[in-house]
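Peer 1: Per Swiss-Prot, the features are:
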- 88, 119: anthranilate 1 binding site (BINDING)
- 88, 91-92, 96, 98-101, 116-124, 128: 5-phospho-alpha-D-ribose 1-diphosphate binding site (BINDING)
- 100, 233: Mg(2+) 1 binding site (BINDING)
- 174: anthranilate 2 binding site (BINDING)
- 232, 233: Mg(2+) 2 binding site (BINDING)
């Protein structure tokens with residue numbers, strides 16, 4: 001769309017009115033094609049933020065991003081097995097270990113098909129991609145190879161900038177604004193593998209139910225949107241607020257560590273460090289040699305993923321399966337297999 005054709009949509013926004021899903025998709029399509037002036041982009045993002053984005057607007061922005069993404073070739077088993085993503089928005093302000101990334105290895109080793117969509121760090125010193133790079137896993141592997149990894153190993157990692165090139169047009173504006181915008185919640189919603197199941201952590205409790213409603217609008221089959229006592233994941237140090245999407249309905253409830261069959265820990269016990277240090281922590285957990293707090297934090301998140309996939313009938317049973325999978329060494333073996341496949345492609 002040209003500058004003149006988007007002006008009526010901007011006028012609606014600047015009057016404090018909401019856009020439809022289709023109108024928002026048109027605006028974001030213009031943005032990611034590099035056809036939006038930076039001043040206009042800043043005005044649009046701030047108008048949305050100040051009024052508060054609607055479910056339709058978040059869904060429309062996600063529609064545009066998904067449509068423009070580099071395609072992901074589905075593996076043949078995709079026809080019968082659903083894919084899950086274990087992902088957080090980041091930006092929760094805590095520098096924890098890489099819980100969701102480590103949980104992805106555990107869930108995959110336990111039988112889930114995990115396509116994890118990740119980026120570099122938002123709130124910690126080490127994001128999903130920072131950690132994987134430490135293990136020699138190629139972040140820019142082709143979509144075809146990623147699909148083969150998902151098929152043969154039950155796991156692949158999709159590096160967001162590799163699939164969503166158009167986001168680069170928003171970087172200068174986002175950096176200049178120095179405040180959260182719609183982009184802070186879009187990342188988890190635009191996985192190019194289009195997972196049927198999602199465990200999605202958000203940085204604010206106010207986002208839990210709205211983001212569940214967005215996933216519902218986007219056609220996600222089953223999901224848990226969680227905020228865990230300050231963290232964008234299931235909490236070991238306190239209660240977790242949940243909005244679960246199941247059979248087209250959203251149910252809201254809270255979970256505590258006792259619901260998973262594990263003891264509560266202090267948030268300080270989950271503090272992470274630089275990528276190299278976090279890689280060592282992840283390796284220890286996957287080898288069955290992690291601290292109780294580290295191991296349990298990973299297991300309760302993997303347990304929720306296994307519950308969502310239908311591999312366990314409760315989050316407690318899922319956690320037990322995750323702990324047994326860690327103990328078996330299968331998750332660490334999977335890490336080595338993925339690193340090996342990745343290194344072979346780089347030679």
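Including glycine, each Cβ sits where the backbone N, Cα and C put it.
Show me how these features fit into the shown structure, please.
Peer 2: Contacts of residue 88 (anthranilate 1 binding site) defined by a Cβ separation under 8 A and a same-chain sequence distance of 6+ are given as 100, 188, 200, 201, 202, 203, 232, 233, in order along the sequence. According to its DSSP assignment, residue 88 (anthranilate 1 binding site) is in a strand.
Under 8 Å, Cβ to Cβ, and six or more positions away along its own chain, residue 117 (5-phospho-alpha-D-ribose 1-diphosphate binding site) finds 85, 87, 158, 160, 163, 187, 188, 190, 191, 192, 193. For the recorded site, residue 117 (5-phospho-alpha-D-ribose 1-diphosphate binding site), the DSSP three-state label reads strand.
Take the CB of residue 233 (Mg(2+) 1 binding site) and look out to 10 A: across all protein chains shown you find 28 other CB atoms.
In the shown protein chains, 17 other C-beta atoms lie within 10 A of the C-beta of residue 174 (anthranilate 2 binding site).
Under the three-state DSSP scheme, residue 232 (Mg(2+) 2 binding site) falls in the coil class.
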Peer 1: Determine the Cβ neighbour count for residue 232 (Mg(2+) 2 binding site): the number of other Cβ atoms within 10 Å of its Cβ.
Peer 2: 27
Peer 1: When neighbour density is defined as the number of other C-beta atoms within 10 angstroms of a residue's C-beta, which of the binding-site residues 96, 100, 119 has the lowest density?
Peer 2: 119
